[in-house]
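Features reported for this protein in TrEMBL:
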type	residues	note
DOMAIN	13-401	domain 'Amino acid transporter transmembrane'
TRANSMEM	20-39	transmembrane segment
TRANSMEM	45-66	transmembrane segment
TRANSMEM	87-111	transmembrane segment
TRANSMEM	131-148	transmembrane segment
TRANSMEM	155-177	transmembrane segment
TRANSMEM	197-218	transmembrane segment
TRANSMEM	230-252	transmembrane segment
TRANSMEM	272-294	transmembrane segment
TRANSMEM	324-343	transmembrane segment
TRANSMEM	349-369	transmembrane segment
TRANSMEM	381-399	transmembrane segment
Amino acid sequence: MNVEEIEHVPEGTASPGKALFMLLKAFVGTGVIFLPGAFVSGGLVFSICLMIFIAAICLVAFQILIISQRHVKASYGEMGSILYGPWLRYIILFFLCLSQMGFVASYLIFISQNIGLAVDYLSHCTSPIDSKYYIWLVLLVIIPITWIRKIARLSWCAIVADVFILFGLICVLYFSSAQIAQHGPGPNIQLINPTDFGLMIGTAVFSFEGIGMVVPIVEGMKDPEKFPKVMNMGLPIVAAIFILIGTIGYVAFGDQTYASVVANLPKVPLSITAQIVYAAAMILTSPFMLYPALTIIEQALYGKSGLLGERSGRINIKWKVVKSFTRSMIAVICAIVSFGVGQDGLDKFVALVGSFACIPLCFIFPGMFHYKVTTNKWAKIGDLILTLFGLGMMIYTLYVNINSWVHPSASTRAVPDPCPAT
């Protein structure tokens, strides 16, 4: 997957300003809406400090990733193959698939929840359909889009989704600020949550979901050597936006904050519009998030070195149908996971994706890459520390997350009822 396919910029032509814009688009996306709910798990002070810390570590990791890319001149997966052998490339592709499918599965839960909220509002809470069943309705929209091979044809989807996300975030800030102004801080705000703070770590890493676009953005720049300055400017802006939305959302609704703060907005036409628009943004974003997984799995099955050998849909229409069916089943798998998790488990699922799939991509692999390309002894020590830090964080957050599933009573999280009995 290259920058031309995703961002529709001819390779080697983007200015630093254009690169900064693409960087902000890549990171400030749909994942930010989960942060206020994650602040419930971490507590206000801990969450703010953690976001600053994660942003700083990400900045270091992304910088050494770019140094490695400029040295090797290859994509993320190919760097693993060149520096360590094919085995690491396969592992990287596995985590890329897992992270992208995890993003889409969490999006489907969010989308179905928002559709349910809109239906409850319009029907005055008389609808007999549980919101999780809307996942299958959304799936019918997403599946045909996955059949499109050239994602550049969906450029209009990306533009519309960006506008919708911006509108949704403005509405979240407006209604959250109004809630604080009218009613003061929400209930049971903690500075540090000693029970669930581990879940916040996974969600914090999840929110930096643009890691996969760092290398393509560099490849699309006219002067790639200027990208470190772009990153130094862009990532603090991203962190500031994340902290702003997380803080205002959590302070507004306290421990009654949903996994997705959009669900906390008051039941008025503007907020319902925001919920519908944000859900639409996620529907439009899902094909882009799923595209890397579709490509990787399709190549693993039908590529030159795939399990079934090279199979071209251009030559034989039968294989085009088979490939489309495979793409459809990947989307179906995401839907099945979403349906099984449900909205009550959304916060824990987002943290799980961040812990297991995103931490290796953000911290472990960049450290491993740079360890191979640098000759500086102290830099190698730093790379080892970053890699071991990522591995330790991954193990710890996985333990906390699995424990929250096995022993749900250990969680202090409360979820409000959008349709309370009267």
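Every residue, even glycine, has its Cβ placed from backbone N, Cα and C.
Nobody curates TrEMBL annotations by hand; they come from automatic prediction.
Note that this is a predicted model, so its numbers are computed, not measured.
Counting Cβ pairs under 8 Å to the transmembrane segment (197-218), the stretch among 87-111, 349-369, 381-399 with the most such contacts is 349-369. Counting same-chain residues at least six beyond the ends of the transmembrane segment (87-111), those with a Cβ under 8 angstroms from any Cβ of the stretch are 30-31, 33-34, 76-78, 80-81, 132, 134-135, 138-139, 209, 212, 260, 262, 279, 282-283, 285-286, 289-293, 296-297, 300, 330-331, 333-335, 337-338, 341-343, 346, 349-350, 352-353, 356-358, 360-361, 365, 368. Ranked by number of Cβ pairs under 8 Å to the transmembrane segment (45-66), the listed stretches 20-39, 155-177, 272-294, 349-369 are led by 349-369.
Of the candidate ranges 155-177, 230-252, 381-399, 155-177 has the most C-beta pairs within less than 8 angstroms of the transmembrane segment (272-294). Proximity of distant same-chain residues to the transmembrane segment (230-252), defined by a Cβ-Cβ separation under 8 Å and at least 6 residues beyond the stretch ends, is recorded for 16, 19-20, 23-24, 27-28, 32-33, 35-40, 44, 47-48, 51-52, 55, 58-59, 62-63, 66, 169, 172-173, 175-177, 179-180, 185-186, 189, 207-208, 214, 261, 264. Most Cβ pairs under 8 Å to the transmembrane segment (349-369), among the stretches 20-39, 131-148, 155-177, 324-343, 381-399, belong to 381-399.
Beyond the transmembrane segment (381-399), the same-chain residues lying 6 or more positions past its ends with a Cβ under 8 Å from any Cβ of the stretch are 57, 60-61, 64, 198-199, 201-202, 351-352, 354-356, 359-360, 362-364, 366-368, 370-371, 374.
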